[in-house]
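According to TrEMBL, the protein carries these features:
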type	residues	note
TRANSMEM	128-151	transmembrane segment
TRANSMEM	157-177	transmembrane segment
TRANSMEM	204-228	transmembrane segment
TRANSMEM	273-293	transmembrane segment
TRANSMEM	313-334	transmembrane segment
TRANSMEM	443-462	transmembrane segment
TRANSMEM	468-486	transmembrane segment
TRANSMEM	498-527	transmembrane segment
């Protein structure tokens with residue numbers, strides 16, 4: 001009878017095998033609180049011993065409590081290790097390894113993120129024109145990749161527009177930020193590459209589903225949060241800087257040279273005159289600089305008092321990106337009036353993609369393997385850090401778990417119907433912030449536009465995208481890349497800057513964010529070894545310096 005009572009009282013609260021870790025943490029905190037502030041609900045000696053053990057955990061820590069009590073129960077050890085992994089990043093100055101009770105209450109839910117109300121997520125933080133301008137801030141990367149996949153691999157543009165538009169609306173609701181929906185760039189690069197046979201649509205979808213499954217596993221198990229907490233900031237900044245500079249280099253090529261997205265290469269120099277000439281692109285670039293300057297500083301940065309205040313044109317008054325994009329749409333029809341005749345009214349038929357075993361093998365080996373590290377670094381870790389920098393008040397809402405689960409869920413749904421594999425790119429977030437996006441309303445406007453175009457024109461809309469001036473896309477992409485690269489300007493320490501720049505150089509030279517990330521981690525660990533006491537005695541001291549020449 002007593003054992004049965006003990007089982008009913010505790011098992012529902014502390015079962016590691018069936019309950020999520022936050023629920024177990026809540027049960028532990030509740031038991032310890034009852035032991036401190038009130039009488040026990042049962043006089044059982046076993047119950048008293050267990051609660052006393054929990055008290056020791058809270059007061060002394062995980063490892064000392066295990067050593068003092070000589071706890072050998074596998075279930076107890078597993079429970080405490082899970083609790084430690086959940087709370088180790090929240091250690092305070094007092095060394096307490098458990099979360100404060102307020103933090104525990106905020107984490108005690110089953111979903112990896114809270115679902116806010118639509119009124120809170122879509123509330124305008126600036127003006128509606130600024131949010132509309134921010135909504136087109138990430139199209140500099142979106143349009144070229146979607147256009148290339150549609151022309152080369154026969155991806156259904158109508159289905160992709162509908163699903164990515166729905167993704168935009170849902171992510172705007174969940175995060176309350178201009179969280180972008182970007183193509184998976186490594187998969188797209190492999191799919192349209194001329195060096196080997198082009199990937200078929202089922203193989204592209206297999207690669208997207210495989211990548212999504214890995215990210216969903218990392219997010220749902222909490223491993224992505226562990227990675228985010230322990231990756232050094234200089235390495236993250238190196239990934240952001242390399243990705244931003246890569247976007248900027250591509251943007252310069254779009255502005256200077258004609259592009260063949262179907263072949264994935266640049267053609268001859270762009271002519272100075274014409275409806276897609278160099279003068280047009282430079283004029284759009286000058287207009288954006290005059291209208292928005294270098295962009296707004298994040299709200300957590302204070303102005304430099306040594307710099308005199310200058311009155312500026314508010315970027316919320318002039319939606320520069322929206323006006324430049326509208327100019328590009330108008331030039332589409334001016335360059336080729338036959339586009340109107342080629343547009344067909346009606347959505348594309350949505351079908352389930354049939355994926356064979358061979359498609360799974362080719363898609364995973366050729367496209368998913370290079371995409372997975374890029375998604376982990378740029379689509380999750382870099383996005384979370386950039387969101388914290390740009391939105392410090394609400395940065396806690398964008399967790400690595402939530403972003404990873406979001407990317408996995410999107411592709412596990414849409415890829416089965418032929419929608420392009422997507423992720424949350426740091427460059428897209430930087431671009432939307434650069435042009436005025438401050439809330440979920442920005443991506444909601446973009447999502448409504450995508451769904452409307454997909455339902456109205458279907459796959460025939462590719463005819464209009466193919467006529468969009470590439471120089472104007474280059475202008476939008478240039479500001480997105482520069483905004484992302486400027487996130488690394490907080491590396492004031494020379495050692496941190498050294499790690500960041502090495503990571504950036506390797507990433508750009510090897511065209512692999514994973515390679516740069518690995519080199520950055522290795523360099524960071526080597527530099528930390530110099531601080532080990534016993535190793536410092538074996539090495540010549542550098543504190544005294546060298547004699548002057």
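Backbone N, Cα and C define each Cβ position, glycine as well.
TrEMBL entries are annotated by machine, without manual review.
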| note | Counting Cβ pairs closer than 8 Å to the transmembrane segment (128-151), the top stretch among 157-177, 273-293, 443-462, 498-527 is 443-462
| said: Applying the under-8 angstroms CB criterion, which one of 157-177, 204-228, 443-462, 468-486, 498-527 scores highest with the transmembrane segment (273-293)? | reply: 468-486
| Which listed range (157-177, 204-228, 498-527) shows the maximal number of Cβ pairs under 8 Å with respect to the transmembrane segment (443-462)? | 157-177
| In the same chain, who gets a Cβ under 8 Å from the transmembrane segment (498-527) while lying at least 6 residues past its ends? | 231-232, 234-235, 237-239, 241-243, 245-246, 370, 373-374, 377-378, 488, 491
